[in-house]
Each structure stands twice: as C-alpha cells, then as structure tokens.
Amino acid sequence: MNAPVLVINCGSSSIKYALVPDTPDQPRLAGLAERLGSSDARLKGTDSQGETYTQALSGADHTAALEAILTRLEGRRPGAVGHRIVHGGERFTRAARIDDDVVAAIEATAALAPLHNPANLQGIAATRQVFAALPQVAVFDTAFHQTLPPRAYRYALPEALYRDHGIRRYGFHGTSHAYVSARADALSGLDSGGWLTAHLGNGCSTAAVWEGQSRDTSMGLTPLEGLVMGTRSGDVDPGLHAHLARQLGWSLARIDEVLNRGSGLLGLSGLTNDMRELESAAKAGHAGAELAIEVFCYRIAKSLAALSCALPRLDGIVFTGGIGENSPQVRQRVVEALPHFGCRLDAAANRSTTLGREGRIDAGGPQLWVIPTDEEGRIAAETRQLLQEGHA
Ligand code: AMP
C-alpha cells in the first residue's frame, strides 16, 4: 500500500491526527482537535508547507472534528486508518484489523482503562462513519509488552484476582519502546541488542528489551506504576491508600485524583509539572524544583538498574520522550547514578543532542543513545504491515 496512513489518537475531548506517507521524503500533515463538545472547540495543525493553522470548530463533536480534519489533508487520500488504542488486555499481542469483534474486545477491556479505551472507541466509531471505505487498524499501547514472562507481569496477589479479573502488569508506551529499541538496533549495528529504554515525557516509563521483545517494564496494571511523572506519583507504598482513608478520611476518588494529577514533579516541587520550568527554577535556587529533579532522576536510574535483571546482556540505554530527548541535565544525572553499569557520558555530545536530534552520547561502556520517538510513524508502519500480510 503506497497511500499514506491516517493515524488517529482519540481522547475524550480531543483527536490528534497525523497523515503519514510511506516514504520519509514527503511531508507529514499533523494536528490536534481539542476541547471537543465545548463552544471553544478548535483544530490546530501544520500543513505541507510547514505553516501552522487554527480553525474554530465551535460545538464540534468527534465526527464533526474528523470531517474538518478530512478537509485539511490537502486532497491526499489515506489508504487506511491506524488507531492508537491504550489497552488491549491479554488478547492483543499485535495490531488488529478493526471489525465488530475487535470493537467488542476493546469495550470488554474498558474496565482496565476507564479513561482511555472508551475515548478510543469514540474515535473508532466516528472514523468508521467518516472514512467508511477505509480499512481501520487498532495498534495497542500494551501489545509490545505481551512478551513479558509471568515473573515480570504477575503481582504477588491471590491467583483468582489474575484469573478472574485480569489483575496483572500490562505496561504502556509500547509503541514508543518498540520504535526506539528497533531504531537502537539499527543505529548501533547490533543485530538485536539488550536495551534499557527510558520514555520520559509527561508520562514516563522504562522497558528492558531483549532481541526485539519487551522482557519487563515499569508501568503495570495502570499507567500509574513506576517512575515519577509530570503529575503522577509512580510507585508508592501500597499501604498508602488505606492510610490516607483511615487517617485523613480521604475517598478513593480523591486518592486517585491526587496520585494521578497532583503528584509527581508537580507535587514534589509545588510549582509545575514542566521540566523546562523546573530546570530554570532549580537554577535560580528553588529548593522544591531541585528536589523534584533529583527524585525524578534517581527513580529513573533505580528503575533501569532493576530492569537490567531482565536482560542477559546490557548493550545500552536509550533516552526518548520530551524530557529524554531534550534535557542533557536529566540524562547526565541518570547516568551518574549508574556508575556500576560502567556508563561513561560524552559531555559535549550529551549537551548538543537535543531538539529532535538522534545521537550517541557515550564515551565508552554501555552505549547511550538519544532517539526521538515516533509513535505515529510506528503506528502507520504496523498498520501497513498488517494490511500487507493479508490479515485484511
Ligand atoms: P512529552 O509528554 O513527551 O511531550 O514531554 C513533555 C515534557 O518534556 C515536559 O515536562 C517538558 O517540560 C519536557 N521538555 C520539553 N522540552 C524540554 C527541554 N528543552 N528541556 C527540558 N525538558 C523539556
């Protein structure tokens, strides 16, 4: 299939789109419809000349937003639609062509991702209406981690919770970990290495990838487990919930809200979840900002050290995501906390590898790479591959 793939990432009030051509020499069209369902709904994006646009879509729902997106494709006709779907449970170990059965399976998994899967389904329903003739493919955030062995995905909980309710570790950001580890294989010349990948954005996770397969990862049943994130706490004592309920009388909803939206870099610093702002505040002497960065970096290093147990051999570490791609300071602090790995940072290469640049930043020891993630590109590639294999 030579036609471009339209990649859709649908939230409850937003649709992110990218029209991904099959060759990198053609420009990508991309944009975001946001605040859907409200009077100030709008569509923002970039055209093929690199010019940005903003279009008011007052009161638009998902279907109306997709119709507006269609008019922004400059007459280029997609050959398929690839949907980012957050949770595929245990059923989906790879991308799947969307039909009624797949929609029902995504619905059945909604209990595990109540904020995301229903919104993803809204996107599928609207897209099937607006692009009725096109094949649609679901690409799951969890699928790449379905190769985890039981020792990595099982919690030490009563077996019935796993068997009857699917309580286990699933992992997320799979598309990103899959993309950057494959890219590290290609760039390093190692046919298939042992990589620790660190996706550090607003959401953060690590993964251990061996011979192209995920062997362990830091996120679990939900995307709350693991690293410190923008506003998410990551790991806390599992006794915390009961303690807050008993001592402070907090409801489950309040605890969930605080751990998901009021914690992480924001909670620690008392200032912001934005790493750029934290770095400048810390430089100006803000103690909370400094502490937030220190805890953030230490916890990444600790997670990487733990995940190294999943690899028979460590070839290198890959940094990606908004922070991983752009913050030399965070990379340096993480690497400095891993002296026992034998890591040696090339300080000049670390400083200059930012702003979407791909590059190697070590001076010996395990390889250290900065690889800008490309989740849209990977979703488009998986969509193409599935359709070419004739699973259509
Ligand atoms: P993402 O969710 O991948 O878009 O990443 C968002 C995070 O990347 C935010 O915390 C930003 O502050 C951070 N980020 C973006 N650019 C920079 C930069 N130049 N230096 C430090 N952090 C950055």
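Glycine is treated like the rest: Cβ placed from N, Cα and C.
Here is what TrEMBL says about this protein:
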- ASN9, GLU375: Mg(2+) binding site (BINDING)
- LYS16, HIS199, LEU200, GLY201, ASN202, GLY203, ASP274, MET275, ARG276, GLY322, ILE323, GLY324, GLU325, ASN326: ATP binding site (BINDING)
- ARG84: substrate binding site (BINDING)
- ASP141: active site, proton donor/acceptor (ACT_SITE)
- HIS173: site 'Transition state stabilizer' (SITE)
- ARG232: site 'Transition state stabilizer' (SITE)
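Positions of the features from TrEMBL, shown on the structure.
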{"residue": "ASN9", "record": "Mg(2+) binding site", "contacts (Cβ under 8 Å, 6+ apart)": "ILE15, LYS16, TYR17, HIS83, ARG84, GLY123"}
{"residue": "HIS173", "record": "site 'Transition state stabilizer'", "contacts (Cβ under 8 Å, 6+ apart)": "ASP141, HIS199, GLY203, SER205, ALA207, MET219"}
{"residue": "LEU200", "record": "ATP binding site", "contacts (Cβ under 8 Å, 6+ apart)": "LEU227, ILE300, PHE319, THR320, GLY321, GLY322, ILE323, GLY324, SER327, VAL330"}
{"residue": "ARG232", "record": "site 'Transition state stabilizer'", "contacts (Cβ under 8 Å, 6+ apart)": "GLY203, PRO223, LEU224, LEU259, ASN260, ARG261, SER263, GLY264"}
{"residue": "ASP274", "record": "ATP binding site", "contacts (Cβ under 8 Å, 6+ apart)": "GLY230, LEU265"}
{"residue": "GLU325", "record": "ATP binding site", "contacts (Cβ under 8 Å, 6+ apart)": "PHE319, THR354, LEU355, GLY356, VAL370, ILE371, PRO372, THR373"}
{"residue": "GLU375", "record": "Mg(2+) binding site", "contacts (Cβ under 8 Å, 6+ apart)": "ARG84, THR175, SER176, TYR179"}
Cβ neighbours of LYS16 (ATP binding site) where a neighbour is any other Cβ within 10 Å:
19
Could you list the residues of the same chain, at least six apart in sequence, whose Cβ is under 8 A from the Cβ of ARG276 (ATP binding site)?
none
Distance in Å spanning the most remote Cα pair of LYS16, HIS199, LEU200, GLY201, ASN202, GLY203, ASP274, MET275, ARG276, GLY322, ILE323, GLY324, GLU325, ASN326, given for ATP:
24
Work through the binding-site residues one by one (ARG84, ASN202) and point out the residue whose CB has the fewest other CB atoms within 10 angstroms.
ASN202
Out of the recorded positions I have (HIS173, ASN202, ASP274, ARG276), which ones have their Cβ sitting under 6 Å from ligand 1?
ASN202, ASP274, ARG276
Looking only at Cβ atoms, how many others are within 10 Å of the one on ASP141 (active site, proton donor/acceptor)?
25
Using all protein chains in view, find how many other C-beta atoms are within 10 Å of the C-beta of ILE323 (ATP binding site).
27
